[in-house]
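Everything on this sheet refers to the single structure shown next.
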Amino acid sequence: MQLIRSSDYGFWLLSQGSHIHLVNNYLPEGRAEDFHLQGKKGMVIGELDRQPLWLVEEQPNDTRAYFDLRDQLYLPERTFNLLNRGVELNHFFKTHQFCGKCGDKTMQTEDEWAVQCTNEECNYRTYPVICPSIIVAIRRGKEILLANHRRHAPKYGKGGMYTTLAGFVEVGESFEQTIHREVFEETGIKVKNIRYFGSQPWAFPNSQMVGFLADYESGEIRLQEEEIADAKWFRYDEPYPEFPEKGTIARALIEATLKLCAEHQDK
């Protein structure tokens, strides 16, 4: 990052954790001095509406109004992904101030998004950590499997949002192996015909959601109760529970699978 000058112009992204500063529901636009940002550290991370998008180093004691990045899912995909980029970079810089190899201080590199050890005998370079997570929608004929995760259920019970299954990729696993493992661990179900669907950066704090469609192969629902409060097969034409928000890859997976369910019914 560089010192921001009074005359620097563009959109300004300030973050605190996964929250971002907004003015009238949008990123502030103007000269740095308009927002008292001169002298702070920042860098351009992209372009928004043909103007530079500046990421400002996280200001822990800033009193501006900050809003949850999750609430910005209505924005165009490219805009939301740029905001994810900024939030993830600030998280990376904040959590990698010391070298993971020798323990000396790090400094941000000028040629790429990375930090490098200041110890000349080490010079170890570290890049932003991205933690891939699979997310999968499972179809059985004209039904979709949806789960009520513990984090979405009211305390001590069921209810709330039902969504797809997801889980982090473990060391040495392919995405397909993760799908088989996670689905079986959480529901006791085995799947087949796994197809890639799409992906979404998810800066909470540094995930990449990799989406798949899959078909039911065998098994009866058996819950991993510490993770899953409930899981059911829902017909495409029956009343649905609460779904994830539009703009999430989970919602897109569900809608794509419900369409496949309807097409199966018509055959």
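Any Cβ shown, glycine's included, is placed from N, Cα and C.
Of the residues Glu227, Glu238, Glu242, Swiss-Prot puts just one in the divalent metal cation 3 site with Glu182, Glu186: Glu227. Checking the candidates Ala166, Ala203, Ala250 against Swiss-Prot: the one annotated together with Glu186, Glu227 at the divalent metal cation 1 site is Ala166. Together with Glu112, Tyr127, Gln200, Pro201, Trp202, Ala203, Phe204, Pro205, Asn206, Ser207, Ala250, Swiss-Prot lists one candidate of Arg50, Arg64, Arg70 for binding substrate, that being Arg70. Note: the CA-CA distance between Arg70 (substrate binding site) and Cys122 (Zn(2+) binding site) rounds to 39 Å. Each residue contributes its Cα atom, and for Cys102 (Zn(2+) binding site) and Tyr127 (substrate binding site) these two points are 16 Å apart.
Residue environment of Pro205 (substrate binding site) contains 16 other Cβ atoms, counted within 10 Å of its Cβ in all protein chains. Look at Ala203 (substrate binding site): DSSP puts it in coil. DSSP gives Tyr127 (substrate binding site) a coil state; it is part of no helix or strand.
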